[in-house]
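Down below is the structure, laid out as C-alpha cells.
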Amino acid sequence: LKSNPSNNEEKEAQTQLTKSDELQRLHSQALSAYQQEDYGAAISLLDEILAVCVWDAELRELRAECYIKEGEPSKAISDLKAAAKLKNDNTEAFYKISKIYYQLGDHELSLSEVRECLKLDQDHKQCFSLYKQVKKLNKQIESAEEFIREGRYEDAISKYESVMKTEPEVLVYSTRAKERICHCLSKNQQATEAIKLCSEVLQLEPTNVNALKDRAEAYLLEDMYEE
C-alpha cells in the first residue's frame with residue numbers, strides 16, 4: 001500500500017488481510033478438532049487451508065496424521081511425500097512413509113523410503129532400526145521366491161517360516177507367507193497340508209485367487225473333484 005496507494009491496491013490488501021484472518025481462524029479450529037480426536041472435521045478444515053497455503057509442509061504433516069487415524073494410509077503417504085519435498089532434511093516424513101508402506105505389506109517400497117531417511121541422517125535411530133527389520137524381511141522373501149523359481153519347495157517353505165518369525169505382528173506378512181507355503185506344499189504333492197494351510201488363508205481372505213488355485217490343485221491330488 002505504501003508503494004502504490006491506489007484504490008485497487010487497497011481493495012486487494014483488504015481482501016488478503018480478511019483472507020489471512022479467516023485462514024488463521026480455520027487453523028485454530030483444525031488444531032482444536034485434531035486435539036479432540038475429531039479427525040474427519042480436522043481434515044475438512046485443513047483441506048480449505050491447503051487449497052490456499054499449498055506449500056505448507058507442517059499442515060500437510062498434520063493432515064497426514066489425521067488420515068492415518070482415519071484409516072486412509074494412501075492419502076497420508078501422498079501428503080507426507082509432499083512434506084518430504086517441501087521441507088529440507090525431513091527425515092521424519094521419510095520414516096513415516098516407510099512405516100506406512102511396511103504396515104501395508106509393501107516391504108520393497110518401505111525399504112527404499114527408509115534408505116532416503118538414512119541418506120539424510122545415517123544415525124537416525126528409528127530409521128536405522130526400521131531399516132534393519134525391513135532389510136532382513138525383504139532378503140528372506142526374495143530368497144524364498146528364488147527357491148520357488150528353482151523348484152526347491154522345502155527350502156522355500158523353511159524360508160517363509162522364517163518370514164513369519166521375523167514379522168509376527170503385521171498380519172499381512174504371515175498371511176502372504178502361508179499363501180506361498182500352501183503353493184509350495186501343493187507343488188510338492190503334500191495335498192493334505194496344502195488344503196489345511198490354504199483354508200487358513202481363505203478364512204482371512206476369502207477372495208485370495210492364489211490360495212483358491214493352490215487349494216484346487218491340492219484337491220485334484222486327493223481326487224476331490226467336487227471341491
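Positions of Cβ are set from backbone N, Cα and C atoms, glycine also.
Listed in TrEMBL for this protein:
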type	residues	note
REGION	1-21	region 'Disordered'
COMPBIAS	8-21	compositional bias 'Basic and acidic residues'
REPEAT	91-124	repeat 'TPR'
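Here the repeat 'TPR' (91-124) has Cβ contacts under 8 Å with residues 61, 64, 68, 73, 76-77, 80-81, 83-84, 130-131, 133-135, 137-138, 141, 170, 172-173, 176 of the same chain, all six or more residues outside its ends.
Model confidence over the repeat 'TPR' (91-124) stands at 97, taken as the mean pLDDT rounded to a whole number.
Look at the repeat 'TPR' (91-124): DSSP puts its residues at 28 helix, 0 strand, 6 coil.
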